[in-house]
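A.B. asks: The following block contains the structure, expressed as structure tokens.
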Amino acid sequence: MNKLDSMNEIVEEVVKRIQQQQQNTFEVEASGRHVHLSRQEIDALFGPGYQLTKVKDLSQPGQFVCKERITVAGPKGLFQNVVILGPERSESQVEVSMTDTRILGINAPVRESGKTEGTPGVTLMNGSAVVTLSHGLIVAKRHIHMTPEDALKNKVSNSQIVQVKVEGTRPLIFDDVVVRISPRFATYMHIDYDEANACGLTKGARGYILK
């Protein structure tokens, strides 16, 4: 094999790999600030036994937007009409962007959902009802919800960290993206509004994992 043949093989392999990556694309969604509430906080904010009102399903099976809204407050500022996502959880959690943390005046860490140990608290308000969480404020780590079938196609494992190229008006490669695999999931990548603005995200935008 001469040098030209060898180069052609390398080029063909690279092209094949890129084509395979682009075939395994998934939709990228932007998540705005939102709250997950436990039964304890629901009772405190809305009254004992109150049931959250579902108004719209989300892309992840079983998760939904609630009609109810609350205020999230920090030492420097607050956000009104913050959406609550259901169903209720075992522990309350508030997810915001980096920009939001500066407005609130609270230095929240980047964490995976549910990993709230050692995170700062924040105040939740609904009218005269006020609850101050001891912890639970996070900036959500960018992540991909993935079915086991799509994980096989993409050759990734649960909790693996990958790079993702997001196509759009400002194409961008996101590093440090965690893959979360479950048969309960639908395959979508989630980023926050800061990240969405950085890549000029539009509805229906897609991304793919880089190897």
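Positions of Cβ are set from backbone N, Cα and C atoms, glycine also.
Checked Swiss-Prot, it gives:
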- A30, S31, G32, K76, N197: CoA binding site (BINDING)
- H34, H36, E95: Zn(2+) 1 binding site (BINDING)
- R89: phosphate binding site (BINDING)
- H143, H145, H190: Zn(2+) 2 binding site (BINDING)
A.B. asks: Give me the CA-CA distance between E95 (Zn(2+) 1 binding site) and H143 (Zn(2+) 2 binding site), in Å, as a whole number.
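C.D. replies: Checking the Cα atoms of E95 (Zn(2+) 1 binding site) and H143 (Zn(2+) 2 binding site) gives a distance of 14 Å.
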A.B. asks: Check the binding-site residues G32, H190 for other C-beta atoms within 10 angstroms of each C-beta and report the one with the most.
C.D. replies: H190
A.B. asks: Among the binding-site residues H34, H36, R89, H143, H145, H190, which ones place their C-alpha within 10 angstroms of the C-alpha of N197 (CoA binding site)?
C.D. replies: none
A.B. asks: Which one is closest to G32 (CoA binding site) in space, judged by CA to CA distance, out of the binding-site residues R89, H143, H145, H190?
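C.D. replies: That would be H190, the closest of R89, H143, H145, H190 to G32 (CoA binding site).
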A.B. asks: Quick one: among the binding-site residues S31, N197, which has the most Cβ atoms sitting within 10 Å of its own Cβ?
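C.D. replies: Sorting the candidates by Cβ neighbours within 10 Å, the top entry is S31.
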A.B. asks: Counting distance between Cα atoms, which of the binding-site residues S31, H34, H36, R89 is nearest H143 (Zn(2+) 2 binding site)?
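C.D. replies: For H143 (Zn(2+) 2 binding site), the closest Cα among S31, H34, H36, R89 is found at S31.
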